[in-house]
Amino acid sequence: MSKNLYIKTYGCQMNVYDSVKMQDLLYPFGYEPTENIEEADVIILNTCHIREKAAEKTYSELGRIKKLQDTRKKQGLNSAIIVVAGCVAQAEGEEIFTRTPYVDIVVGPQSYYNLPELISKIVRHAKHLIDLDFVEEAKFDNLPEQLYPQGASSFISVQEGCDKFCTFCVVPYTRGAEFSRNVEQVYREALQVVSGGAKEIMLLGQNVNAYNWKGSADKIFSLADLLKHLAQIPNLERLRYMTSHPIDMTDDLIQLHGTEPKLMPFLHLPVQSGSNKILKAMNRKHDREYYFDIINRLREARPDIVLSSDFIVGFPGETDEDFEDTLDLVRRVKYGQCYSFKYSPRPGTPGATRTDQIPEHIKSERLTILQKELMDQQLACNESCVGSTIKVLFDRSGKFDDQIIGKTIYMQSVYIQNPNKSLLGKIIDVKITKASLNSLTGEIL
């Protein structure tokens, strides 16, 4: 008899990947995914701890689930097994049971491969099970083969953890030290997703370009080596990777952008600030001049490359001059798309202990100014595509029956009106007819 599994995923692409793997783990035990939380036998919150008040948002969601559980009890129905997974689970640990005693399982991002055993114990009336172990190779050695196809574009996690210890960030504390997967293990998973219909693979890591796997005869495989290896797979058309750190942009990786046609001309390369003073305070391990040099070398290797980045405004000690340095960097680099946020102190990080916190209204003002600049650049990038013909990978249906959506080599979403759903999963030449801030509109030639 099948049972229903509901997973709510927060945060980054890594969590999306982990959620798919949780489905794959539990499927052999009779659990099938559902989008209806009310009919779920197991409810998993796969949480993110990056943004402000992440833990409180998790507790709020758990409160809503508690009300659902109470309703089920009144109706004489069995309660669902409740699991808190991901980075909030890693950070909060036993505190989750203290504040929400109706939660059954707390499991970290490196140990969720034990979910089948943990759930089985709860079914046998165990209580409050927790697994937050960091055993580097155990996670990937115990994950199953792909059972649920991800579609035309698939994620594969190749690197986890972070050794950089930026002073604003909790990732080193929730994901652990940097660890790279076995290159052949990655290759086998890539073969699987391609055989399942994937045309594009996005390699994931907290610092994916820190990928560094030691193979036989002490050969070290870099991310560039891994990309070259994967590019040999027949029927795999596109390769991407994220998220990268500037100090790990090696010469061979930069040059690969100019020599490997399957490596897409789009790169997300977070810089966070344009001020050398703030970069040092953030412990970013590079200055703005180093970042400019990488950008110049990338554009020499691949002139049409489109760049993306992350920015934090209002880091402690940021002056008006520091913020102007960030605006100057943005204007000099010219991005295709970006993500920008107000600094929020994360408990346990050095930035949270600083006494020179920036008032909220100043952070809001700076974010508004920065986002206006970034949106202008994003719109200009999209408008530059109008009238051109671009190869688009169609990977999903739109909200209208006759609409399908794909993405360009530059990661822009493209909408077309076409009732022929057989185009999904295919790469088609599309003439771009219209551009907006967040998408393009086109027609098939």
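Glycine too: its Cβ is placed from the backbone N, Cα and C atoms.
Record features, source Swiss-Prot:
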DOMAIN    3-124  domain 'MTTase N-terminal'
BINDING   C12, C48, C87  [4Fe-4S] cluster 1 binding site
DOMAIN    148-380  domain 'Radical SAM core'
BINDING   C162, C166, C169  [4Fe-4S] cluster 2 binding site
DOMAIN    383-445  domain 'TRAM'
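Taking the features listed in Swiss-Prot, we show where each one sits on the structure.
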residue	record	DSSP (3 states)
C12	[4Fe-4S] cluster 1 binding site	coil
C48	[4Fe-4S] cluster 1 binding site	coil
C87	[4Fe-4S] cluster 1 binding site	helix
C162	[4Fe-4S] cluster 2 binding site	coil
C169	[4Fe-4S] cluster 2 binding site	coil
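Mean pLDDT across the domain 'Radical SAM core' (148-380) comes to 96 in this model.
Other C-beta atoms found within 10 angstroms of the C-beta of C12 ([4Fe-4S] cluster 1 binding site) number 18, with every protein chain shown included. Across the domain 'TRAM' (383-445), DSSP classifies residues as 4 helix, 34 strand, 25 coil. Ranked by Cβ neighbours within 10 A across all protein chains shown, the binding-site residues C48, C87, C162, C166, C169 are led by C87.
Report note: the [4Fe-4S] cluster 2 site is defined by C162, C166, C169, and the residues of the same chain whose CB lies within 8 Å of the CB centroid of those residues, excluding them, are K164, F165, F168, V170, V171, P172, Q206. Cα to Cα, C87 ([4Fe-4S] cluster 1 binding site) and C169 ([4Fe-4S] cluster 2 binding site) are separated by 12 Å. Note: the CA-CA distance between C169 ([4Fe-4S] cluster 2 binding site) and C12 ([4Fe-4S] cluster 1 binding site) rounds to 14 Å.
Cα of C162 ([4Fe-4S] cluster 2 binding site) to Cα of C48 ([4Fe-4S] cluster 1 binding site): a span of 15 Å. If you take the Cα of C166 ([4Fe-4S] cluster 2 binding site) and the Cα of C12 ([4Fe-4S] cluster 1 binding site), they are about 18 angstrom apart, rounded to a whole number.
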